[in-house]
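Report on one structure; see the data block that follows.
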Amino acid sequence: MAKPSAVDQPDGAGLRERKTKTVEEPVKPSATSGDGGAAQTKKKTIGRTPDGTAFTVPHTRDMVSQLLSPSEPKNLSDILVLSIIGLHIVLLYLLPSYFRIPIFAVLFLSWRAAYNIGIGWLLHMQSNHSTMVLWARQTKIFVNPATGKNPHPKLYSFIKRELETKIPEDYSFEDAPIEYNTWLVFRRVVDLILMCDFTSYCLFAIACGSRPAEENFLVLILRWIVGMGLVLFNLWVKLDAHRVVKDFAWYWGDFFYLVDQELTFDGVFEMAPHPMYSVGYAGYYGISLMAASYKVLFISILAHAAQFAFLVLVENPHIEKTYNAPPPRKRVLESHAAAVTANGEEKFSRRSSDSSDMAPPPSPVALPSSTHNLVGVKNLDLHRITDSSVILIQLLFFALTMLTPATPIYQFFFVLNAAVWRLWYSVGIGYILNCQSHRREWTRHFVKFGETKEEAWNQWKGTYHLSMTLCYASFIAAAWKMYTLPENWGYGLAILKHVLGAGLIALQIWTSVSIYESLGEFGWFFGDFFFDEAPKLTYSGIYRFLNNPERVLGLAGVWGAALITSSRAMIFLALLSHTLGIAFIQLVERPHMQKLYGRGLRQDAGLVRSIKRSLPPSFKQLHGSVDRILDESIEFIEEVLDTARPKLAAGVTTFVKDTSELFHKYPARITITRIEPDVAGYDMNDYSLSVDTADCITIKDGAEDKSEVPVFEYGSPIKISWTAPLNHSKKDWVGLYMIGQNPSREVTKVSSWGRWVATNEGSFDSVLSEKGLLTSDTVVSKPDSANASANNSKKSGKSRKKSSAHEVASGQMVFSGDKLWWTQGVFEFRYHHNGKHNVMATSRPFEIRIPKFDDEHIPSHLPPNGGGFMTTAVEQALLPIVQNCFDRDPEISPQTAEEPFGCETESDLKYAKRVVYAVHQMFGIEFATEVVRADGNVQNLAWRHAQVKRREHTYSRSRAMK
C-alpha cells in the first residue's frame, strides 16, 4: 500500500527529471530574448543563466536526427563523428576473427569510460565549480575577435560556423550567453562519445555472436523474438524519454542554465525510477540474448553498473542541489503560527523519519524521536541489546551452517527452521500488528506496567528487527545448505541461472533500500499502528511507481536463491514466503491503511496507470471483475480469522542504554608537492601575511594565557591581508594549515584539503577558489628596509633607488565556513607562488579555542523545576558558537535561542558535527549528531544540557551519601 508521511515531496526519481526552479532575482535580458516581441517570446522557451540573464532557448534536434537525417544540415563535426563510426565498422571487417573480440571489447570499454568517467568528471566539475564555463572565459574563445581580446580568431570562426549551421533560427553566436555556447560545444563532445559507445557495443556483440550447437530451432526463434522485443522496448523508452525531457535535460543542460517552464513527466517516467538508466538499458540484454554470448552479457552488466555509478555520483547530487533545495526556514513567529492548523490539529509526520518536524524535547512529543535509529550498518550500536543480539544470532547461524554437513537430515532441519521463522515473521508479527490496530494491545501492555508508549514503540522495533533478522538469516542458511557448485559451468544454463539469481537478489536489496529511504525508520516499523497524529500519505521514491513494491520486487531475492540452488525445497520456501508476504499485505496492512486513510488511498500507481492506458476496454472490465472476486474472498478469510483467532500474549522487556562513540578523524597527510624551480626574480621581502586580530576573544575559563598568540572563537571568520610584488603570479594562493603539519618553512608538503583562497579572480578552474576573496592587486606603498634592499641586490643583481617606500600589490581575503579547521589548535596561513607549493610568506600563528563553560556561577542545588538558571546561562554561552557553526548564514543560522536551525541541518551533517564538537569541548557532554538535528534549536540543546547536569548532580550526591 502507499505509505504515509508528513510531506508529499516530489521525488526526482526519473533520470534528468527536472522541476521548475523559480528565480526571483531581477532579470537581465540578453539580446536574444527581445526578438519577436513579447507575444512571440511567451511561445518560446526562456533560459536563465546563474547570474539571472534571460535568453530565448533555440530549438535543437536530437542526436540521431542531426547526424543521420539527410534533411538536416551537416558540418565538419558531423562528418568527423560519422567518419569515426565508419572506421569502427571497417575495422570489424578488416580484423582477423581472433582479434575482433578483444579489440572491440577494449574499444567499447574505452568509450564507456569516456562516457561515465570523462563526461562524469566534466559534469561534476561544472556542477560544483562551473569549470567548463570558467575555461571558456579564460580562453576567451567566445569573445568576438573584433574586440582584440580573442587570441584564437580562427577557432572562434570555426565554432561560430559549426553552431550556427546546426541552429538556423533564434540563435546568434555573438549574443548568446557564454553558458549556452559552452553547453553547445559540450553537446558535440557528448554526441561523439555516445554514438561511438553504442556503435562499438553493437560491433562487439556482432563479433561475439554465435548459435549454440545444441540449440533447436524453436529456442532460436524464441531467443530472437525476446531479444528484439527488449531492443524495441529500449528504443521506445529512449524516444519517449526524449519526448518528455527534450534536449535540455538529455544533454544535462541544467548544469549550465535553467529554463522557465513547467515540466511534465508522463509516459515512461511513470513506469520506473530513472527510466533512462534502469529500463532504458533493456536493449543491452536483448542484444546479449540475440548474440547468445556470455561475453556480451557480462560486458553489458558492467556497462549498466557503470551507468548507475554515474547516476549516483554525478546526476543525483546535482539534482538534489538544484531542484530539491531545503525550503526557506520558518522564523519563530511563523513556526508558532503554523504549528496548529485551522482545525486545531498539530501537523506531525506520519511515516517519515524527518526529525525536523518533531516537537522539542521539553514539550510533549507526538511522535517518537529518531535520534537513535535501528536499521542499517551506520546505526549499529553494540551497546544496544537489540543490535548485539542480532550480531550474535547471525554468528550462531553462520557457525551452524559452516560446521554441519550438508546431509539430507541437516538440509531438512535447515529448511524447516527457515519455514518456521518465515511463518513467525508473517503470521506472528501480523497477528501482533492486527491486535495493535484494533485494540492497542501491545501499547496497553506496557502502559499497564507504568511504561510510556514510546517505550512500547522501542520494544516493538526491537522485536520486529530481531524477527526479520531471524527470518532472512535462516533462509540464507537453508539456501547455503541446499546449494551445490555446478560440475561443469559451461553445460546447460548454469551461468545464466547464477546471473539471473544474483540480479534478483540485487533487485530485492535495492527495493528494500528504496522502501526505507521513502518511509524512514517510522514507516519501516509500521509506526502508524502505534501513533495516530495527523496522518498524511506520501507517494515519493519507489511508491511513486508502485503501491506495494514489497509484494513482488521486495521478494525477488527469495526467487533468485531458488533459481541459483535449483532446489525444490528452496522453491517451496520462496513460494511460502511470497504467499505469506501477500497475505500480510492484504490481511494486516491494507485493512489498517483503509481504516486510517480511507479514500485518501491511491487506487493505481504510476506503472499500473500506464499499463491500463494501453489495455483495450475488454481487458479493463476483466481486471475489475477479478478485483471484486479477490476483495470478497479476502473479506471472507478475515471474518473466519476474526472468529477463530486465539489470544496471544506477547511482551518483551529490555533495558536500553544509549551511548555513542565518536572518533575524531584528522585528514590523512598526503604529500602532493609542486615546486616552482625559479623564484629568484621576486623580492621575498615584499611578500607578507597579516591576520586581522580585531575579532580576537578574551578567554574567561580561568586558564592563564601568557602567550602573545591571538585567539579566535571557534568557527568565527578570519580576515587576512597580504602583500606581494607588483609582478607576482596571478595564480598565487593562500592556504590554512595547522602548526606542526609542515616542518619546512620553504615548501608546503601537506594538502590544504580545500582550505585555500586564490589571490586573483579567474586564475583557477574553480569558483570555490575565489570564495572569500575580498580585494586583490591594490597598489599600496611599503617602507623600504636596508636589509631588504641588500638582500634584494644580492639575489637579483639589481639595485633599487633609495627611497623611503616602494609600491607593492596587496589584497584581503576572509576564511570562513568549509575553509576553516573545525577543531581547536594553533594554525598559520601560508602564501604560495604560482599555483605551486613554494612558501613565499607565513603569517603569525594564531589559536582557535572554545571557551569552557563556567559552572561555578550556576546554583549547585537546583529545584526540580528550577533549571531555568542553568538553561538561560547555557543558551547565552552556546548561541554565538552555534551561529558560527552555521557559518553565520542568516538562512540557516539561528538569531535567537528559540529560532529553529535551517533545513540544511537535515541534508548536510557537517553543521550538526560542528555543534557536537563545540558542545563536547565547551560543556564536556558528548551528544550524537541525531540529537542536534532532533532538538532543532539552541533552547532545546540548553534544556538537554541542564537535564544531563541535573542527573550528574543527583548521581554525585547519591555516591557521596554511600
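A Cβ is built for glycine as well, from the same backbone N, Cα and C atoms used for every other residue.
According to Swiss-Prot, the protein has these features:
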- 1-78: topological domain 'Lumenal' (TOPO_DOM)
- 1-55: region 'Disordered' (REGION)
- 14-27: compositional bias 'Basic and acidic residues' (COMPBIAS)
- 79-99: transmembrane segment (TRANSMEM)
- 103-123: transmembrane segment (TRANSMEM)
- 124-188: topological domain 'Lumenal' (TOPO_DOM)
- 189-209: transmembrane segment (TRANSMEM)
- 210-216: topological domain 'Cytoplasmic' (TOPO_DOM)
- 217-237: transmembrane segment (TRANSMEM)
- 238-270: topological domain 'Lumenal' (TOPO_DOM)
- 271-291: transmembrane segment (TRANSMEM)
- 294-314: transmembrane segment (TRANSMEM)
- 315-389: topological domain 'Lumenal' (TOPO_DOM)
- 341-370: region 'Disordered' (REGION)
- 344-354: compositional bias 'Basic and acidic residues' (COMPBIAS)
- 390-410: transmembrane segment (TRANSMEM)
- 412-432: transmembrane segment (TRANSMEM)
- 433-465: topological domain 'Lumenal' (TOPO_DOM)
- 466-486: transmembrane segment (TRANSMEM)
- 489-509: transmembrane segment (TRANSMEM)
- 510-568: topological domain 'Lumenal' (TOPO_DOM)
- 569-589: transmembrane segment (TRANSMEM)
- 590-962: topological domain 'Cytoplasmic' (TOPO_DOM)
- 780-808: region 'Disordered' (REGION)
- 781-794: compositional bias 'Low complexity' (COMPBIAS)
Quiz item: Where else in the chain does the transmembrane segment (489-509) make close Cβ contacts, counting only residues six or more beyond its ends and a cut-off under 8 Å?
Solution: 294, 297, 301, 553-564, 566
Quiz item: Should the transmembrane segment (189-209) and the transmembrane segment (569-589) be scored as in contact, given a threshold of at least 3 Cβ pairs under 8 Å and pairs 6 or more apart?
Solution: no
Self-check item: Segment-level pLDDT (mean, integer) for the topological domain 'Lumenal' (433-465)
Solution: 88
Practice problem: Helix, strand, coil: count each for the residues of the topological domain 'Lumenal' (238-270), based on DSSP. | Solution: 20 helix, 2 strand, 11 coil
Quiz prompt | Interface-richest range of 79-99, 103-123, 271-291, 294-314, 466-486 toward the transmembrane segment (569-589), CB pairs under 8 Å | solution = 466-486
Quiz prompt | the topological domain 'Lumenal' (510-568): DSSP-derived helix, strand, coil residue counts | solution = 40 helix, 2 strand, 17 coil
Quiz item: Which of 217-237, 271-291, 294-314 shares the most C-beta pairs under 8 angstroms with the transmembrane segment (103-123)?
Solution: 294-314
